[in-house]
Amino acid sequence: DARRQRRLLLVIVCVALLLDNMLYMVIVPIIPDYIAAMRGGGAATPAAGGNESGGSSGNRSRLFPRYPAATGNEDVQIGVLFASKAILQLLVNPLSGTFIDRVGYDVPLLIGLAVMFLSTATFAFAENYATLFAARSLQGLGSAFADTAGIAMIADRYGEEPARSRALGTALAFISFGSLAAPPFGGVLYEFAGKRVPFLVLACVCLLDGLLLLVLVPPCAGGARANMPVGTPIHRLMADPYIAVVAGALTTCNIPLAFLEPTIANWMKESMGATEWEMGLTWLPAFFPHVLGVYVTVRLAAKYPHLQWFYGALGMAIIGASSCVVPACRNFGQVVIPLCGICFGIALVDTALLPTLAFLVDVRHVSVYGSIYAIADISYSVAYALGPIVAGQIVHTMGFVQLNLGMGLANVLYAPVLLFLKNVCQMKPSHSERNILLEEAPKGLYDTIKMEERKG
């Protein structure tokens, strides 16, 4: 039935988001070998974090990997490698959002999973920087389709609150788990089974996820798309002031995470003499406050839906305060606390504002969600495209303290802007296809199917 089908689709989307974010970070353990190859060597060098290759310290750097130290032109190459996924995602999302609005959600999701499978297989057999760069960029192409279509599909299938917030919160929890669990996962398998095994495991899961989607929503069953309403063009959505405020908040709140990931390990080593395992496990404890933030926001939104703007503003204030505290930390235990605060705040902002985007489309535009979540993906991609390239240069020229104070101040100053969304929940739906689906008799195959889904 429709209820069981949408639950299975939620599982498929969550697995796709988990795979995408695991692949985003799982390449970290193999970067030292590619640095060695660029230098003309055949194995990881002490730049990877160990004292000598083959020793116990080298093993620790594999099991608990971090962004590698590099010199000269290597800094730029590694920064571009890490940013290439987000850059391509940023460029493709306007096109993928429009494509999703035209053809529906299942076909683009299947295309995204197929491209991610190809990207993961390419990672497994990459032997040089150029191939690694191509695989990373290919992943960005797959993410632009899979991530956007998956989130849009959740918003479409879970059209009512609080079910929509719960479903989107579940997806965010899988995103967080994928990002934080990938480096230890990749490091352990790389150390004991070889560099290809982590990618082959992810490729197999991606293949199974795509096959499950094929069984659940066959591409030939396109009747529901025949009379699909035409979504609002993405440039018109971007011009909507309410949507612009939400997109700005999503970018601003993710900048601290995107800028700290490539810089905090070296700062910990220089300022507090942190060991390899401490640098590798820096972000792992933050998974738990992130999930807690998702849970708290979903529960509060169910009881007080008119305060979604406040949850987002509170999250940005927590992110800003936590960012300013990071440079004052003097040991591993202290630095974990503000990082947990940053991830807790991001969970508040994302969980509150992602459903708000769908609601804004419902009441101000047409209830088709491809382009609106392409805008959300663009917002994330801006932060993660700049982080690996810009963060290191800011630290080098201005200092780590100034970087964190600037990010914290930006979040604190942006929080009051969300007051603009205060009266969003009082808006009434416009005369769009939503009224046809919910208030009038069905006029076509698409309308009939949507009515049956909502009744189910």
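Glycine is treated like the rest: Cβ placed from N, Cα and C.
Annotations in TrEMBL come from automatic prediction, not curation.
Annotated features, as they stand in TrEMBL:
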type     : residues : note
TRANSMEM : 7-31     : transmembrane segment
DOMAIN   : 9-426    : domain 'Major facilitator superfamily (MFS) profile'
TRANSMEM : 107-126  : transmembrane segment
TRANSMEM : 138-155  : transmembrane segment
TRANSMEM : 167-185  : transmembrane segment
TRANSMEM : 197-221  : transmembrane segment
TRANSMEM : 242-260  : transmembrane segment
TRANSMEM : 280-302  : transmembrane segment
TRANSMEM : 309-329  : transmembrane segment
TRANSMEM : 335-360  : transmembrane segment
TRANSMEM : 372-395  : transmembrane segment
TRANSMEM : 401-421  : transmembrane segment
- Query: Hey, which bits of the same chain come close to the transmembrane segment (401-421), Cβ under 8 Å, at least six residues off its ends?
  - Reply: 241-242, 245-246, 248-249, 252-253, 255-256, 259-260, 263, 308-310, 312-314, 316-317, 319-324, 326-327, 345, 356, 391, 394-395
- Under 8 Å Cβ-Cβ from the transmembrane segment (167-185), and at least six residues away from its ends along the same chain, one finds 10, 13-15, 17-26, 28-29, 63-66, 150-151, 154-155, 157-158, 198, 280-281, 283-284, 286-287, 290-291, 294-295, 297-298, 343, 347, 350-351, 354-355
- Note on the structure: Ranked by Cβ pairs within a distance under 8 Å of the transmembrane segment (309-329), the first of 7-31, 107-126, 138-155, 335-360 is 335-360
- Between 0 and 100, where does the mean pLDDT of the domain 'Major facilitator superfamily (MFS) profile' (9-426) sit? 83
- Task: Report, as numbers and ranges, which residues of the same chain sit near the transmembrane segment (242-260): CB under 8 Å and 6 or more residues beyond its ends.
- Result: 312, 315-316, 319, 322-323, 326, 339, 342-343, 345-346, 349-350, 353, 356-357, 360, 364, 372, 375-376, 378-380, 382-384, 386-388, 390-391, 394, 403-404, 407-408, 410-411, 414, 417-418, 420-421, 424
